[in-house]
Amino acid sequence: MDQSNRYADLTLTEEKLVADGNHLLVAYRLKPAAGYGFLEVAAHVAAESSTGTNVEVSTTDDFTRGVDALVYEIDEAAFGDKGGLMKIAYPVDLFDPNLIDGHYNVSHMWSLILGNNQGMGDHEGLRMLDFLVPEKMVKRFDGPATDISDLWKVLGRPEVDGGYIAGTIIKPKLGLRPEPFAKACYDFWLGGDFIKNDEPQANQNFCPMEVVIPKVAEAMDRAQQATGQAKLFSANVTADFHEEMIKRGEYVLGEFAKYGNEKHVAFLVDGFVTGPAGVTTSRRAFPDTYLHFHRAGHGAVTSYKSPMGMDPLCYMKLARLMGASGIHTGTMGYGKMEGHNDERVLAYMLERDECQGPYFYQKWYGMKPTTPIISGGMDALRLPGFFENLGHGNVINTCGGGSFGHIDSPAAGGISLGQAYACWKTGAEPIEAPREFARAFESFPGDADKIFPGWREKLGVHK
């Protein structure tokens with residue numbers, strides 16, 4: 001059934017929709033299935049995402065029609081064989097405020113703008129490319145309670161432009177028992193700032209939380225005494241049940257508090273698999289604790305290889321609305337994860353109060369920033385190029401292999417990361433860097449050959 005007479009109005013202008021502030025706007029890439037018209041399918045998406053049914057129903061009234069989602073712009077040839085561009089305006093009244101406080105929730109918003117429309121049979125691809133949240137909605141999402149300035153404060157740095165936080169993931173990601181896990185933490189903390197659990201590290205029988213966390217808390221205290229520097233740990237509290245997440249969080253904070261280090265703790269939540277409910281549980285139950293959003297599994301909906309799902313930029317915006325203090329953004333083409341240089345807009349959208357996306361100019365109206373967390377195949381040699389592309393180093397970076405694969409020690413690996421940042425910031429020649437960074441060339445010769453050809457001769461190292 002062609003519903004374009006009701007669910008499309010191409011006379012609407014984006015300028016007026018934005019100025020009125022009564023709609024959430026979404027840009028999609030759409031490829032209709034064979035035998036279907038572009039506007040016909042676009043209108044079906046708007047109908048399926050709002051008030052529509054596959055037939056006319058007698059219960060529809062004038063108010064219902066007043067909250068129809070409307071297609072307001074199309075360009076059938078925008079992406080060639082991959083499909084065309086369409087934009088839909090969703091009335092704010094369609095979205096769901098909480099009973100307890102009137103805040104909007106991402107779960108409902110997501111189910112509406114990228115829910116049943118993903119399973120429609122009359123398209124071969126429907127991908128969300130960008131969306132614009134109006135002021136009246138932005139101000140009623142939780143947003144972050146803490147941000148990177150809170151971590152800089154713990155580290156004794158300026159709370160504005162406090163710089164790069166050198167971190168790692170304990171490797172191997174699974175299989176370490178409590179004692180070697182805590183030792184690995186201590187060894188890295190002698191040179192680096194920040195350690196996170198990897199996404200599957202939690203409460204396995206071979207490394208129970210109630211055994212390993214006390215040892216990690218003690219290792220942090222020893223490392224701080226040995227170095228005279230504050231250290232940070234991001235503990236995985238992900239679980240299916242909100243009470244279990246809270247139990248884990250309270251336990252972790254209690255163990256680190258024995259050394260006065262509860263402010264040195266972040267909570268890692270696997271936000272894709274546990275969903276907005278898990279993220280919000282941590283955000284609201286522990287508003288003083290940095291909320292570290294790990295996106296494991298996100299590629300199922302964000303991979304550029306898919307005609308479905310959403311672009312990573314949309315996922316970043318959803319995470320900020322949920323209240324993530326920091327989220328993994330990938331490595332923008334400099335590590336092992338799927339991505340490209342222009343993904344620096346992901347970081348800008350997270351950290352700035354206003355940012356131009358691919359289709360919409362988003363204002364955040366004072367919402368706290370979300371930190372870009374850079375992870376996945378990075379090491380000291382890859383960092384200068386990454387910083388140059390991004391334009392700053394106010395990020396958390398976790399290098400697992402890039403730290404524990406350093407030829408000298410995990411501590412040297414951590415030191416080399418900080419030296420890479422200092423080298424980029426001062427414009428120093430990497431080949432002439434201090435020892436730990438210089439030894440990274442020998443630690444990761446494959447990267448060195450690609451990024452710094454001729455390094456062997458300059459350092460006097462031969463194959």
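Note that Cβ sites are derived from N, Cα and C of the backbone, with glycine treated the same way.
As written in Swiss-Prot, here are the features:
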BINDING   Asn116, Lys173, Arg295, His328, Ser375  substrate binding site
ACT_SITE  Lys171  active site, proton acceptor
MOD_RES   Lys196  N6-carboxylysine
BINDING   Lys196, Asp198, Glu199  Mg(2+) binding site
ACT_SITE  His294  active site, proton acceptor
SITE      Lys336  site 'Transition state stabilizer'
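Taking the features listed in Swiss-Prot, we show where each one sits on the structure.
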{"residue": "Asn116", "record": "substrate binding site", "DSSP class": "helix"}
{"residue": "Lys171", "record": "active site, proton acceptor", "DSSP class": "coil"}
{"residue": "Lys196", "record": "N6-carboxylysine", "DSSP class": "strand"}
{"residue": "His294", "record": "active site, proton acceptor", "DSSP class": "strand"}
{"residue": "His328", "record": "substrate binding site", "DSSP class": "strand"}
{"residue": "Lys336", "record": "site 'Transition state stabilizer'", "DSSP class": "coil"}
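With Lys336 (site 'Transition state stabilizer') as the anchor, the candidate recorded positions are Lys196, His294, His328, Ser375, and the one with the nearest CA is Ser375.
Within 10 Å of the Cα of His328 (substrate binding site), not one of the recorded positions from the list Lys171, Lys196, Glu199 places its own Cα. The distance from the Cα of Lys171 (active site, proton acceptor) to the Cα of the residue listed as 'N6-carboxylysine' comes to 10 Å. If you measure from the Cα atom of Lys173 (substrate binding site) to that of Asp198 (Mg(2+) binding site), you get 6 Å. Shown are the recorded positions Lys171, Lys196, Arg295, His328, Lys336; of these, the residue with the fewest other Cβ atoms within 10 Å is Lys336.
Relative to Arg295 (substrate binding site), the recorded positions with Cα atoms inside 10 Å are Glu199, the candidates having been Lys196, Asp198, Glu199. Counted over every protein chain shown, other Cβ atoms within 10 Å are most numerous around Ser375 among the binding-site residues Asn116, Ser375.
Listed in chain order, the extra residues whose Cβ falls within 8 Å of the Cβ center of the Mg(2+) site residues Lys196, Asp198, Glu199 are Ile169, Lys173, Asn197, Pro200, Gln201, Ser234, Asn236, Leu268, His294, Ala296, Thr398.
Counting other Cβ atoms within 10 Å of each Cβ, the lowest count among the recorded positions Lys173, His294 belongs to Lys173. Within its own chain, Glu199 (Mg(2+) binding site) has Asn236, Thr238, Leu268, Asp270, His294, Ala296 as residues 6 or more apart in sequence whose C-beta sits under 8 angstroms from its own. Reported as a whole number, the C-alpha separation between Ser375 (substrate binding site) and Asp198 (Mg(2+) binding site) equals 11 Å. If you measure from the Cα atom of Asp198 (Mg(2+) binding site) to that of Asn116 (substrate binding site), you get 32 Å. Cα of Lys196 (N6-carboxylysine) to Cα of Asn116 (substrate binding site): a span of 35 Å. Residues Asn116, Lys173, Arg295, His328, Ser375 are the ones the record ties to substrate, and the longest Cα gap between any two of them is 36 Å.
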